Amino acid sequence: MTQIPSSDVPGMGRRQFMNLLTFGSVTGVALGALYPVARYFIPPKAAGSGGGTTAKDELGNVVTATGWLSTHPEGDRSLVQGLKGDPTYLIVEGADAIGSYGINAICTHLGCVVPWNSGANKFMCPCHGSQYDATGKVVRGPAPLSLALANVSVEDDNVFVSEWSETDFRTGDKPWWA
């Protein structure tokens, strides 16, 4: 078998090199431009050990326990952005304690956001009059189910909201939303 001399082996020409360089540059710029778009569609995950989502206030700022407790009195139920971006009530249980559970503010009847009525000490849906007690248990229809729960934890002063998979303490049943 004869071997081809090294001078006869075709090399990469200038045109092929420039085409490869242009393709690589355009691909790099396109991927760089698409990265923020891809991140927009992927839900954020928190670094919390519970695998939850970092709670955010109405401006999108991360909620810290010390900041929240300094501006919300005991017994307060105020909204944060929780799982899947749903509004979730954080419950202040004491001068220095956020409750271990949060209440999803989406009505189980037609999906309206249910405001907390502190005077009546219950959640009252403005759409069709459903009412829920202070723990989110339905007490008056037409809503068929209690409000969903979420676990709330504090790690390094950051507040995390995660999926509720335990028994619903209000009914003693498996959670309907899990």
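Every residue, even glycine, has its Cβ placed from backbone N, Cα and C.
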Ask   = Which of C107, C112 is the other half of the disulfide bond that Swiss-Prot records for C127?
value = C112
Message = If you count CB neighbours within 10 Å, which one among the recorded positions C125, C127 has the smallest count?
response = C127
Note = Fewest C-beta neighbours within 10 angstroms among the recorded positions C107, C112 belongs to C112
Task = Measuring CB to CB from H109 ([2Fe-2S] cluster binding site), give everything in the same chain under 8 Å that is also at least six residues away in sequence.
result = C125, C127, H128, S130, G141, P142, A143, P144
